[in-house]
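J.: Encoded as structure tokens, here's the structure I'll be asking about.
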Amino acid sequence: MIILGFDPGYHRVGWGVASGGTQKIVADAWGCIETDPTQDLPERLLHIYHDAQKILKKHRPAIVVIEKLYFAQSVTTALKVAEARGVLLLATAEFKIPVYEISPAQVKQQLTGFGAAKKFQMQEMVKIIFKMNEIPRPDDAADALALAYCGFIKIGAHYRP
């Protein structure tokens, strides 16, 4: 099975593709969709949409896992991230792929055993879980791989197409 994780943002969307089964999970591909901060938000969202479509078409995941929106910072930032998240959900819906949402605390709990783990702890666990020599960069890509891994743990074993 192939699972794609999306870590939404309006400047950078992390994505990570993992495949495998109950015995072994492998990180197949990861990266970021980056938008130009000089462009207007609608243009940035269109860029995210088109790149997400390309990723979905290329990797054909059975499931997409996307991080639930949680912000304690700025309402303006939260709204922009929510809009980017909506674009990702739309692109995924066009491919008729089931979407599962996981909160940041659930991802941290699943990877480290501690729901308030720090970012560097999460990244180190991604490196260990996927037997990598280095932490995937940029950070958003590592976060997306963490989401894909959580998809396997929470859903993968019980998934029936």
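Glycine is treated like the rest: Cβ placed from N, Cα and C.
Nobody curates TrEMBL annotations by hand; they come from automatic prediction.
The following feature annotations were taken from TrEMBL:
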{"type": "ACT_SITE", "residues": "ASP7", "note": "active site"}
{"type": "BINDING", "residues": "ASP7, ASP140", "note": "Mg(2+) 1 binding site"}
{"type": "ACT_SITE", "residues": "GLU67", "note": "active site"}
{"type": "BINDING", "residues": "GLU67", "note": "Mg(2+) 2 binding site"}
{"type": "ACT_SITE", "residues": "ASP140", "note": "active site"}
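Burial and contacts for the listed features, if you can.
T.: DSSP gives ASP7 (active site) a strand state.
Counting only residues at least six positions away in the same chain, the Cβ atoms of PHE6, ASP7, PRO8, GLU101, ILE102, SER103, PRO104, VAL107, ASP143, LEU147 sit under 8 Å from the Cβ of GLU67 (active site).
In three-state terms derived from DSSP, GLU67 (active site) belongs to an extended strand segment.
When secondary structure is read from DSSP and collapsed to three states, ASP140 (Mg(2+) 1 binding site) falls in the helix class. Packing around ASP140 (Mg(2+) 1 binding site) is summarised by its Cβ count: 24 other Cβ atoms lie within 10 angstroms of its Cβ, all protein chains included.
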J.: Tally every other Cβ atom lying within 10 Å of the Cβ atom of ASP7 (active site).
T.: 26
